[in-house]
Every structure is written in C-alpha cells, then in structure tokens.
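Here the structure comes first, spelled out in structure tokens, and everything after it is commentary.
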C-alpha cells in the first residue's frame, strides 16, 4: 500500500499545515490513476468526501458518524481506502468515459464497506438540494409525491412491505442534475430523508437489525454514485449497469381492452351468480374486455386453491360459459395459508414448505387473518415453487382458469426474523420477494404482480398497489400518476394501474366525476382496469367511458411498439415530461402530466371540480389532441378548457398512429 497526497487546500488562506487545528476545514484531493477524477476529503464539523472531475464537484457526501484523522491510502487496484481504525471505506473508480447508448460521458464510483460491525450503523448523507435539484425513483408510497425530494423517511428499512404501500422500489435514486445513487442488494439498507436530524438530506445507512438478519456480525454497505450529462443519460446508464430490462412483454389483449375485476365493486361477495351477472352487465352495456378477474373469497379456505362449492358449484361450467361469451377468466391468488385451512396447512407444514422464524414458528398475519392465524409459503425453496405451480396448473387444467392476479409478496408478511433459504450473498428477506415473483411469472404474459425489487427482466404487468377513491396525494388520483412514473424509473415499464376510480375503501366509492377523470388519466397508461362501472352512474358516464376506452384501444399499436422498445433498450413506456427535454427545469418539476413514449403528452384533470387547467409543453411542436391547433414548446397553455368529457392531450407534430 502507498499513500498519495496530491494536493492540500486550506479553507482559510491564513492557515498553514502545521496550524490545522485552528482552521474551519481543510481539503485534501486524491486522483484516480490516469484520469482527471478525484476524491476530495473535506474536514469540518463532519467529514465529507467530494467526487470531482477536474475542478468540478460532481457530488458531495457527508459521513454522518465516521470520523478519522487518517488520509486516503491508494490500493494496488487503483482505488483508495480510508479507515478510522475499525471500519474501512473503499473508493473504486468503475467507469470514466463515454458509454455507448447513453450519449454521455459517465463518471461512476463505488463506495464500499465490507465490515459493518454488529451494533454499528454507518450513515452517508447526500444533499437533496431542494429548490434547485429534483429527485426521482425511490420507493412506491401511499402518499407519493413527485418529484420525490418531498418524501419523509426515518430509519426506514428499505424492503418491499405493507407499510406505506411500498410494493415496488429499487435501491435507486436519480436526480435532475444527472447523478444517481444505487445501493447493492446485500446491504441491510435503512433510509433517512428530510427528518429533523437530517433536514434536506437523503441518508443511506446499513445495520444488521430486523427486518434484516440480526445475526450477521459483519455486514456489507456498498453503494454506487454515477454522474452523467443529464438525468436521461444517467438513467440509461443505470439501466445498462444495474436495473436491466425486460426480456419480453405482456399480453396485447390486456393492453387493448379493459380488465374487469370483481374486487372493488363486490369485495368478497363473489359467487357464480355474481360473476355471471357482472359479465352480462359488461356485454349488455357494449364494452369490450381482455378478461374477467374473479377476486377475493372464491376458495374453500385461504390457501386451499380449490373453489368453494356453495359459491361456485361448477367452476368449469362457469369458465366455459364465460369463454363462450368472449371472456378470458383470471383468478386472484395469494401466497398464504390460513391455519383453519387445516388439510393444506398441515400438508405444507409437514413438508417444511412454510416460512419459519428462528423459534420454529410459522405464525404470521395478513389482511384476511387474525394475528398468528396464518402462514406464508417459502418460495426460496425450489420444492415449494414446484408444489405451488403444480396446484395452480390444476386450476387451469380442471377449472378452466386462463391466468392469475398474484397479490402480496412483500417482505412484511413473513414472520418476524424469518429463516430463508438465501444464497450466500444475501443477508435480507429480499430473496423471498424475487423468488415468489419469478415463480408466478412463469405462468405467462397475462400474469400480474404487485411486489418487485430486482425483477425488471420479467415480461409481466406490475400492478400499482391499491388506491383509495380520493383526488389528492392521500393515495388518490394524483398518486396514480406519481406511482406510475416511479415504477417506470425503477425499470418496470409494464405498469398495470389500479382500479379506475380507486377501490372505494372506507365505504367511500368514487363519484361520477372522480371515476371519469380517473379513466381519462388512465387512457395513455398501458392498460385499463375496471371494477366500479359507468352504468352505475348514468348514460353520460357510459358514453364518455366508451369514448375513452376506444381512444386507448386506438393507441394500442403504439403502446406495443413502446413495449418492444423497453425490451430493446430499457426505456420507460410512460416517462416524466423531462425525458424528452432533460435539462428543462420546468419539465423536471411537473407532476400532473406524463408522456406516452416520446410523442404523446397526457395532461389529465386531477383536481376536483376543475374544468380547465394550465399545461406545460416542452421543446417541440405539439398538436392539440382535441383540435388541430399547434403549439411550439417550450410554452405554457393557460386555462385549457376541459369539460367532464374532455381529456387534454397533445401529439408531436409528424407523429403517425399505425
């Protein structure tokens, strides 16, 4: 090992090296060999490091609880280490130069600690730059702001979980300055953002505590910082390097025509008669379908995967009759077995197929059980994957089911402190999420799931977690857009929006206005999913709904083209407005408009009672989708009129719908 100090900068010009103790701070800069990339240490109230390119600062990071008077030491591999005598931080230059497919010069540095000792929680903090910089990606949230710098998290375990509707989220944050952070999956990651202790900061930390494995005595803390010319180039590099891209895409009919689900309208009150009547209503009112989904409470008991005869006396005749009417039939599935589902529970337990805690108990709880009254299958075991798949295949072969809606999958449904068959590199329950989702994805291109992390390669729909029948940031219509954008910028472009109008929880179904505005917001997303129905309002609602389901169907060829583009390049299907103008500061802040591809701008009404809105159009020539008027961006279109039957949208001049 050798020590290389390339430059010393003293913050106060009156200070000399031998008078460091009187200085506010000192700066020491270290160069990666044969590059113009530096790590600069800044010693003040808290130790900081800066990544620099020449004299330009690319990123500044504060070590919240790492103090040392030591200097960086060069490694034989060309990196640097910094130690406090107990913990060592290593800086490795991964990439410095133009990267094909990004159109940008990329600087990429890995920062790693291989020995995070039990009882410690190193924390590195990044300035959010609120007011000048916007942030994107991060976790799916119930109160889901966009951009995401407004979110608040306190020592937040970063695993998919029921809390806050965190179904989907990569360990990835991207900002408008063209930088991103990515944390490796073997890091027991916790997040602090905008707390009293860390205002205006995004802090990453690692500690071997629940819900991670608390027995790990020396955990890992590895993250990456990369900087490109702008956010679009940075995201393209993240896709190439970390996020990956899908290997195929979902079923075209699910894109073209609506999914009709029993859930929001009927909840658990489903039966043969209810399903038949629902199908008749859909046809009698002149609507197309991709499929009819039978949701909760069709089973003999939760986990049985057999139809309850007093509700569905002849399931095969039902599915045959529905298919004769032009429906495909899908079924709601979950990974749980309730304890009172005695035969299948006893079988799974005797075979060792249930997730156990370290005390040997399989007890857990989900929304259809009481505490300690259910168990969850252990999909980290190959034999469980095969057993579960075999039972689902029986539903297809014997009951005529075409495909499945798979629910849950988040880590919080596991027993606390679970024992999992994790690979040697895994120290988190994240393995359970991926193994469940990959198991069920094998059932084909009609599958939908709602949980994901590190599963971008799968050619299936990922559903937004249940929305409430509200307008605002309180899990309402606004968050339909923000969740969709978040999922796209986490590498999941095949988004299945939740039920049109929300789920009607708390005995609060959608109003006619909310229902129709929700449908309009949904038109230029990949798929439509109804449960509440327009004919429960009035004839006008039916007419407006048909107009917009037809508009969505007309754009299906373009959506499928974008699906193929996602497979080829990993680009979003629905991106934020700045995607086509990455340095446009106004576009970076827009939360209630979005793109379909690069050629369609959707600007739905998302405010209750509104019949007009202001619309921002970025650079380009844009034709009003409701008239022939052309606008030259960047520009604002003020007070755009939008009665209840009008969806504001704009098409790039020259775009041809195939």
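Yeah, the Cβs are placed from backbone N, Cα and C, and that goes for glycine too.
Caution: TrEMBL annotation is automatic and unverified by curators.
As written in TrEMBL, here are the features:
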- 1-22: signal peptide (SIGNAL)
- 261-414: domain 'Glycoside hydrolase family 31 TIM barrel' (DOMAIN)
- 475-561: domain 'Glycoside hydrolase family 31 TIM barrel' (DOMAIN)
- 570-654: domain 'Glycosyl hydrolase family 31 C-terminal' (DOMAIN)
- Message: Quick check on the domain 'Glycoside hydrolase family 31 TIM barrel' (475-561): DSSP residue counts for helix, strand, coil, in that order please.
- Response: 48 helix, 4 strand, 35 coil
- Task: For the domain 'Glycosyl hydrolase family 31 C-terminal' (570-654), give the DSSP counts of helix residues, strand residues and coil residues.
- Result: 9 helix, 35 strand, 41 coil
- Restricting to the domain 'Glycoside hydrolase family 31 TIM barrel' (261-414), report the mean pLDDT as a whole number. 98
